[in-house]
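Below: one structure, written as structure tokens.
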């Protein structure tokens, strides 16, 4: 029941109408008996500068941040957690005692989702497509104990991110951390991860980022997109019987970590998952 004491948490991005985060978080708040509500705010890039001051004025207690604001939002925050500083992107904000503090739960969320499906991810050869906020978080997390190739349409961005990861994590650039265009050679690659919006609702019938002929049965193909659950990339992967992982797990795990940051309470993962599955299957 929403009343005068209800605490508000928001999602800021553009667009946001495709998001399942409100469904997932509101189900988790209800399950834990917490007087919170989660609302999606469609924020145009030119209005981002007003968000934090506006939120403080209104008493909003936190946010998730999604495309395209994960990097740009950082300049408006009072403090940034060390992991988010390292990654150079923020996806979670807590506002407490007049301070807006930025965190990043994307990287750990992706790892948790991946390891839930295939076990410990260590010493693997991984290609990450994209060089934006989500790609940064996942790449920094997985580069700690795996070999990474950043593949991006704009090769200069891939190179810059690969160099930054190698430098910050003390990895060998050109060996442990590499870069490429989208036509990356997948020989010897164990896992590929799509961290671009290619294939995301409503543009679900686009050309996949990788075609089936470049994929193998012994690969793991993960797409961070969760709407649709089966993207064009995952359809291609199924043609060669590769292991596929959609973006639902990462959405839930990054959300669960954010939930704990805002409330101090561990959410019920199954409640979050079932709320989304109910929505998708209706």
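Each Cβ is built from the backbone N, Cα and C atoms, and glycine gets one as well.
Annotated shikimate-binding residues in Swiss-Prot are 19, 20, 21, 66, 91, 226, and among 42, 53, 106, 205 the one listed with them is 106. Among the residues 19, 20, 21, 66, 91, 106, 226 said to bind shikimate, no two Cα atoms are farther apart than 16 Å.
Of all the binding-site residues given, namely 21, 91, the one with the smallest number of surrounding CB atoms inside 10 A is 21. Take the binding-site residues 134, 155, 200: by the count of other Cβ atoms within 10 Å of each Cβ, the lowest one is 155. The most crowded of the binding-site residues listed here (19, 132, 157, 226) is 226, judged by how many other CB atoms sit within 10 Å of its own CB. The two recorded residues, residue 153 (NADP(+) binding site) and residue 20 (shikimate binding site), have Cα atoms 28 Å apart.
Considering only the recorded positions 70, 130, 155, 200, the residue whose Cα is spatially closest to the Cα of residue 91 (shikimate binding site) is 70.
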